[in-house]
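Chemist: Attaching a single structure in structure tokens format; questions to follow.
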């Protein structure tokens, strides 16, 4: 059997499954019979549609009307974690593992560095309009007043109950966590006169004994020779909401939204540049970006409609199918609505990426319409509508079916990925392709049958008025012959004047084909393709890995100034990974303590991790405490039980002790089941380095003799590059 006798599907199946006996034994079926059977089925379908066109219009429309009620159950999701992080990402597993040991206390001992999720918060980035020094009494007073606006801002819930930040804030020691540097507002004059030195990068507040790590909230710093701060250009103020319960989290999110609306009205400090960011900024900007394209939909649909109508309009005013171009667009739109509605009824979430589906369906639907109309125009006008529909479907439906099946398979394969956004997008696209295919062979086909009846009755393709054929209109005006005449004369259906090929066919057959055969044109085409290929290859080499949140925001978004502020001043100290030790570790054994601290030191040696100035590790501080005070206080850590008792009574005591959140004891206090230390990333600057740092820390954790987990909430997003590589 010659290869040109193969059907497209048969060729694919036999080549892809050469060792499948069942397929190879049925070569004849796949090579020829399959096409024959499919053509025969569609031949009968064409006859059925020609006989009952109204039924094939009403039923799809009714199904669409019923399906679109699913939009009432739409669950729109813009959560970046859902969209951009892999379901099987290691960071997700690490987070679940860590949260099994460490639960963040929002009501009494909150610490922002120990968060495992991005719960509600608001951050303000402040600089002077001239980028000059902010460590000035007048400037600090203004910043302090802005802090007061944030704290005292009044908002209401859905029931009208009034709240302020103090009602929903995360607390430590019974007080709202606040920007610590503002505690020094009243002492700025001492800083200016050098009576109080702000030692960089770390100092202890002489009044409250709080530990200040200045790079976390001050930037653009200039120092005196002895390493104390002389000036600073920027300050970051952070405010944290309570996510202890769903009710408090809801109020905290509501506070974010209400304060954002207040912020956009202005905070009344023209001498300061104030930028804002909150926990749901990226999520909201993704949605705003999606909604922002709606105004352009009308223009896009108009252009597509004009193109489609022009493409199906031939020189013959009866044979042209102008309105069918519009039907093709309507059919695709109804199919997309049906697919979306069905999936929403099934509980599948809606994401912004799905907005591309209708445009893809328009392209597929219009292409199918062109194929069908081309097959229609190749039938004999003298035949009945029933015969022409049968021949049209027998010829075109096979190719339409194969392309639709391959498109569906391509999209459905995408539903097996680990990324929720790709899964949802491919599911919506796959079902949309299916519905577009079904609606085309039913709804569009029924309209084609009605149009065929109009053509048989010599009705104008636009006005639906009976007109004369070209051979019968010789005595009519030039306007009539050009814009009204068409079809074939009933008295002489074979008249050559009425059976000329369409103008589009003549254009491509006699002119375009001739031009493409010219050596010069061939050379131009080859050069253009090579240039296109070169640009494409170059583009592939410049792809940047990683998630760039700034690019999720519109150019006029309030978040753009904050992204720029953060990139300029605080990107060098981006995040604080936590090192978690679990398992049966004997902490009273000096050898184990030494090896644990050696692992922390190894992490600190990484070029993207800061030195011990920025590390917050209970084990290191406890070891130093014992070296300084253990002998004088008579502390003996000879066994695990005594070790834990001394640790709890001597080191973890006090109303506010952040290290209590870093150690998990067994129920009987006989051993430490989990503990953690925090390190600081420095000078990471881009997504490639983010991934490299995460990979190195994980590799070291895997190689350690202890059960070590390294985690930060940002790792959830870094995994989106790591996971595909793992799955290859």
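Counting begins at 1 with the first residue displayed.
Yeah, the Cβs are placed from backbone N, Cα and C, and that goes for glycine too.
According to TrEMBL, the protein has these features:
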DOMAIN    288-450  domain 'SSD'
TRANSMEM  293-315  transmembrane segment
TRANSMEM  322-343  transmembrane segment
TRANSMEM  355-376  transmembrane segment
TRANSMEM  397-419  transmembrane segment
TRANSMEM  425-450  transmembrane segment
TRANSMEM  516-539  transmembrane segment
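What's the neighbourhood like for these features in this structure?
Modeler: Distant neighbours of the transmembrane segment (293-315): 321-322, 324-326, 328-329, 355, 359, 362, 366, 369-370, 373, 377, 461, 500, 502-504; these residues of the same chain sit at least 6 beyond its ends, with a Cβ under 8 Å from one of its Cβ atoms.
If you look at the transmembrane segment (322-343), the same-chain residues 6 or more away from its ends with a CB under 8 A from one of its CBs are 60-61, 63-64, 66-71, 301, 304-305, 308-309, 311-313, 350, 354, 357-358, 361-362, 364-366, 368-369, 373, 427-428, 431-432, 434-436, 438-440, 443-444, 447-448, 451, 461-462.
Sequence-distant contacts of the transmembrane segment (355-376) (same chain, six or more residues past either end, CB-CB distance under 8 Å): 290, 293, 300-301, 304, 308, 311-312, 321, 324-325, 327-329, 331-333, 335-336, 339-340, 388, 391-393, 395-396, 399-400, 403-404, 407, 425, 428-429, 432-433, 436-437, 439-440, 444-445, 448, 452.
With a cut-off of 8 Å between Cβ atoms, the residues of this chain six or more beyond the transmembrane segment (397-419) that come close are 7-9, 35, 38-39, 42, 45-46, 84-89, 364, 368, 371-372, 425-427, 429-430, 433-434, 436-437, 440-441, 720, 723, 727.
For the transmembrane segment (425-450), the list of distant contacts is 42, 45-46, 49-50, 53-57, 59-61, 321, 323-324, 327-328, 331-332, 334-336, 338-340, 342-343, 348, 351, 353-354, 356-358, 360-361, 364-365, 368-369, 372-373, 376, 385, 389, 392-393, 397, 400-401, 404, 407-408, 411-415, 417: same-chain residues at least six beyond its ends, Cβ to Cβ under 8 Å.
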Chemist: Across the domain 'SSD' (288-450), what does the pLDDT come to on average, as a whole number?
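Modeler: Averaged over the domain 'SSD' (288-450), the predicted model reaches a pLDDT of 88.
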